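Feature list (source: Swiss-Prot):
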SIGNAL    1-19  signal peptide
TOPO_DOM  20-150  topological domain 'Extracellular'
DOMAIN    29-138  domain 'Ig-like V-type'
DISULFID  Cys41-Cys113  disulfide bond
DISULFID  Cys67-Cys87  disulfide bond
CARBOHYD  Asn72  N-linked glycosylation site
CARBOHYD  Asn93  N-linked glycosylation site
CARBOHYD  Asn106  N-linked glycosylation site
CARBOHYD  Asn130  N-linked glycosylation site
TRANSMEM  151-177  transmembrane segment
TOPO_DOM  178-218  topological domain 'Cytoplasmic'
MOD_RES   Ser187  phosphoserine
Amino acid sequence: MTLRLLFLALNFFSVQVTENKILVKQSPLLVVDSNEVSLSCRYSYNLLAKEFRASLYKGVNSDVEVCVGNGNFTYQPQFRSNAEFNCDGDFDNETVTFRLWNLHVNHTDIYFCKIEFMYPPPYLDNERSNGTIIHIKEKHLCHTQSSPKLFWALVVVAGVLFCYGLLVTVALCVIWTNSRRNRLLQSDYMNMTPRRPGLTRKPYQPYAPARDFAAYRP
């Protein structure tokens with residue numbers, strides 16, 4: 001009789017422990033190409049039956065509370081986030097979905113869902129799951145977009161400088177050609193300029209004394 005009572009007691013406690021355990025299912029890995037992600041936590045319990053508190057934790061030891069929301073079957077939960085994160089959420093009978101945005105590479109980590117049933121008693125929470133590794137990929141799009149812009153900017157600057165240098169060279173050549181032509185014309189004008197009129201020098205004639213014709217008169 002005593003053994004039978006002991007067996008019934010152990011069976012009762014095992015049923016109670018099993019009933020008080022809430023299992024949670026999470027995706028093992030989420031790879032994020034953008035800066036947003038939705039993480040769904042499915043529980044083996046009807047969430048609408050009680051007032052609950054749903055939380056999302058970051059880290060192997062669940063050190064950082066990322067997002068938390070309180071709700072029940074009469075009103076939607078109000079989610080609030082850690083200062084480092086931006087989050088919102090939604091729920092149905094067995095699922096709580098956390099939405100995170102403005103994520104960066106340093107947010108890559110393992111995340112755990114937790115559910116706590118606050119009222120009516122008894123207090124219940126879920127068994128620790130294996131968690132979800134959220135991997136945020138580093139963006140290279142900005143670099144690939146900025147490189148062509150930088151390239152074309154350099155091309156435009158080089159083109160402007162080339163055109164400016166070409167114009168300056170042409171202008172200097174024209175100025176040099178005109179200057180050289182003017183010097184040649186001035187030299188020709190100087191050679192063709194007539195001399196100023198003056199006294200002309202008479203040709204030299206040898207001296208011959210004038211004859212006195214009166215002396216020969218009779």
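Cβ atoms are placed via backbone N, Cα and C, with glycine included.
Computed from a predicted structure; not experimentally measured.
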Neighbour count first, Cβ atoms within 10 Å, every protein chain included; then name which of Asn93, Asn106 tops the list of glycosylation sites.
Asn93
Sparsest-packed of the listed disulfide-bonded residues (Cys41, Cys67, Cys87, Cys113) - C-beta count within 10 angstroms
Cys87
Using DSSP, tally how many residues of the domain 'Ig-like V-type' (29-138) sit in helix, strand and coil.
6 helix, 63 strand, 41 coil
Residues near Asn72 (N-linked glycosylation site) in space but at least six apart in sequence (CB under 8 A):
Leu48, Lys50, Glu51, Phe52
In whole Å, how far does the CA atom of Cys67 (disulfide bond) lie from that of Cys113 (disulfide bond)?
10
Going by Cα-Cα distance, pick out whichever of the recorded positions Cys87, Cys113, Asn130 is nearest to Asn93 (N-linked glycosylation site).
Cys113
Compute the C-alpha separation of Cys41 (disulfide bond) from Asn130 (N-linked glycosylation site), stating it in Å without decimals.
12
For the topological domain 'Extracellular' (20-150), report the average pLDDT of the model, please.
87
